[in-house]
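Visitor: Sharing the features that TrEMBL gives for it:
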type	residues	note
ACT_SITE	Cys272	active site, nucleophile
BINDING	8-13, Asp33, Arg38, 86-90, 127-128, Glu161, 272-275, Arg342	NAD(+) binding site
DOMAIN	328-452	domain 'UDP-glucose/GDP-mannose dehydrogenase C-terminal'
Amino acid sequence: MVKICCIGAGYVGGPTMAVIALKCPEIEVAVVDISVSRINAWNSDALPIYEPGLDDVVKQCRGKNLFFSTDVEKHVSEANIVFVSVNTPTKTQGLGAGKAADLTYWESAARMIADVSKSDKIVVEKSTVPVKTAEAIEKILTHNSKGINFQILSNPEFLAEGTAIEDLFQPDRVLIGGRETPEGQKAIEALRDVYAHWVPVDRIICTNLWSAELSKLAANAFLAQRISSVNAMSALCEATGADVSQVSHAVGKDTRIGPKFLNASVGFGGSCFQKDILNLVYICECNGLPEVANYWKQVIKVNDYQKTRFVNRIVSSMFNTVSGKKIAILGFAFKKDTGDTRETPAIDVCKGLLGDKARLSIYDPQVNEEQIQRDLSMKKFDWDHPLHLQPMSPSSIKQVSVVWDAYAATKDAHGICILTEWDEFKTLDYQKIYDNMRKPAFVFDGRNIADVAKLREIGFIVYSIGKPLDPWLKDMPAVA
């Protein structure tokens, strides 16, 4: 019986292994993590992550051929294939600080695999890692191998949060990179056979190690670049009276470009885009390619500019001060249908408003108060370390209250910021909200989901990203 073990029970490891267990009933799958609370959550009715469809998959397999455990060494030593899905945060100090990936967790996982292994193993990189990580891991394993053979594969994940289970059931492609040696090819085939239980073989792409590692960074960089491109256009649209939705619709009709990832917004978020581009920048710099590095840096700069511009627009609209004013924040997750707040633009927008002494009332249907307070008081990049290594319970920010519905958030507020495109925000009773707000009442729509004409009819002053400006806003330019 083939045994698979995955080190790391997070956003990638948990769902991926659950789907492998569901689709391959004859394979025993164990997900291991040193965090007791996380493993307990995977073994309970309240899973540690929210993802549509995940509950069903886990319940069907858990206890049959899917196990969640803190006994890391036992399951690793028994497995034929070991997936490594640990955090690879951006370094905050030392060589490459602010750009390079911190491979501390990866290295300790590799050393542990070498220590406990008693039989040959295929070791699969599942975390987003910089190019050439596999080579480093290979060296650690072979220098500590005690005569055991290890084959390293790169199998990057291309999941989008909110649709992860669907993406796993019907992937656009599965990418497997390995060594171009007979043993390397054999290892690729072994992993391909696992995926071939449900993925058509023509969608399983096999490459060399470096191509697989770089493809993941490149895919995320291309997607983020599209968002920054349309966001750059949104600033120009506001300045000229064009409508960014009409522009992106016209552009997206070109089949060479296509319509996806062309929605202007307050900025991109999520655990990978910024991290992967910073990584790409660092790799380019290390390889003597400063022009290429600077090209990709601009994608992040435009994203930061978009968030700053949004905050400036809010403050300048409200008579150049939000000090002491209650502002409702609708949505904190980085996108709808997920509770994930990693790198969400809401963090920078909230911090910008708090810097101007605003009082914030935040509502998100999937994010709890503890998470929001932690995000707003944590240093950049701290979020990407395992929970038990993050700074302990930060002091909560007094000007922030977290509430459990949109009506409580907006009561007595001067303005509303829509920062996540949750469907429920489209159907709120905005007349009721308007009646309970201070006047003039503002809506700053960072996701372009509001019915602007209807809101203006009610009496709101509305700012939508990349849309023709409300006369009120025209008199108050957003100084960048």
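Note that Cβ sites are derived from N, Cα and C of the backbone, with glycine treated the same way.
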Visitor: Looking at Cβ-Cβ distances, which residues of the chain lie under 8 angstroms from Asp33 (NAD(+) binding site) while being 6 or more apart from it?
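Guide: In sequence order, the residues whose Cβ lies under 8 Å from that of Asp33 (NAD(+) binding site) (at least 6 apart) are Ile7, Gly8, Ala9, Gly10, Gly13, Ile39, Phe68, Thr70, Val72.
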Visitor: Can you give me the average pLDDT across the domain 'UDP-glucose/GDP-mannose dehydrogenase C-terminal' (328-452), rounded to a whole number?
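Guide: PLDDT averaged over the stretch: 91.
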Visitor: Comparing the binding-site residues Asn87, Thr90, Gln274, which residue's C-beta has the most other C-beta atoms within 10 angstroms in this structure?
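Guide: For the binding-site residues Asn87, Thr90, Gln274, the Cβ with the most other Cβ atoms within 10 Å is Gln274.
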Visitor: Have a look around Gly8 (NAD(+) binding site) and count the other CB atoms within 10 A of its CB, chains all included.
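Guide: There are 26 such Cβ atoms around Gly8 (NAD(+) binding site).
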Visitor: When a 10 Å sphere is centred on the Cβ of Cys272 (active site, nucleophile), how many other Cβ atoms does it contain?
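Guide: The answer is 26 other Cβ atoms.
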Visitor: Work through the binding-site residues one by one (Tyr11, Glu161) and point out the residue whose CB has the fewest other CB atoms within 10 angstroms.
Guide: Tyr11
Visitor: Give the residue counts of the domain 'UDP-glucose/GDP-mannose dehydrogenase C-terminal' (328-452) per reduced DSSP state, in the order helix, strand, coil.
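Guide: Reading the DSSP string over the domain 'UDP-glucose/GDP-mannose dehydrogenase C-terminal' (328-452) gives 42 helix, 19 strand, 64 coil.
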Visitor: Where Tyr11 (NAD(+) binding site) and Cys272 (active site, nucleophile) are concerned, what is their Cα separation in Å, rounded?
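Guide: Cα-Cα, rounded: 12 Å.
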